[in-house]
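Undergrad: Could you have a look at this structure, given as structure tokens, before my questions?
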Amino acid sequence: MNSTVWIVDSYEEALAKNLVIVSLGLVINFINGMLVVTFFSNPMFSRDSRYILYIHLVINDMLMICISVTLYVLTYVSPLVNASLCCVLVVLGSTTFMITPLNLAGMAIERFIAICKPLHHAQICTPERTYIFICLLWVIGVIPSLADIIILLLIQPISFFSSLVLCYPFRLFPSKAHKDRTTASQVIYMSLVWIILIYTYCRVLFTARKAVSKGSANKARSTILLHGVQLLLCMLSYIAPVLDLIVTPFFPVHRTKITFFNYLITNIMPRLLSALIYGVRDQRILLNNVGDSTVL
């Protein structure tokens, strides 16, 4: 969200935008919350590495939505935020954003092992190893943000962290070193994830062609393909600045509306689609949700 919108928008327009964003955030987290409750209410899921990775993706999305919506609302309510608090919010938001594609890669690898190495799946993909893998994801995901903080410490005085700043990543980390770090880490991480998804998809595809019973292999292939679609949805946020630069010059009067719809389409809607697609597609979770509602 552009840091100047709070000056331009009328009260009614600002209120409407915030109501839409907050409402969608609540809907997304409500759907994801139901999935989390289902996971923890059935011990079967906690013993399956596939569902452990899936629910971690869900919880990560919930946290990311909370931080993203908070930052959006702050843009209007209190544009100037304590730099230390802003650093915490931005670091958490950036970390959860980086973890999403890494988690998708982990889910693809798990499906690859289940189909292509079925005899070793139970030994490799244990719940304990899955939790270790999740911890590793958080370590890898937080490294770029820690690098940003270190660069900030080197170029800014300590007093900066007690000052008030516009809480927006490019305002908090404006130096060329930060921009280079952001570009490098995003290219490396996304390239790695795409390589993993393409490799696992091709291997599962070849296995499906050779298999006598093609049901499980075809389902795994569809699952990995779905991970690719989810990754494309995640990558929509990368084109947000580009869309702003392309569209805004043609409609400068509607600049804040363009920024709003850009944020809505590239940041909020992909999370909503993700929650609906995964929740409805997985029959075991869906049946458990239906069963719980029937009991209630």
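Any Cβ shown, glycine's included, is placed from N, Cα and C.
Sequence annotations record features per position, and here TrEMBL assigns domain 'G-protein coupled receptors family 1 profile' to 31-273. What TrEMBL records for 20-40, 52-74, 80-109, 130-155, 183-202, 223-240, 260-280 is transmembrane segment.
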Undergrad: Using a threshold of three or more Cβ pairs below 8 Å, and leaving out pairs closer than 6 in sequence, do the transmembrane segment (52-74) and the transmembrane segment (130-155) count as in contact?
TA: yes
Undergrad: Please work out which recorded stretch in 52-74, 80-109, 223-240 has the most C-beta pairs separated by under 8 angstroms from the transmembrane segment (183-202)?
TA: 80-109
Undergrad: Find the average pLDDT over the domain 'G-protein coupled receptors family 1 profile' (31-273) in the predicted model and report it.
TA: 85
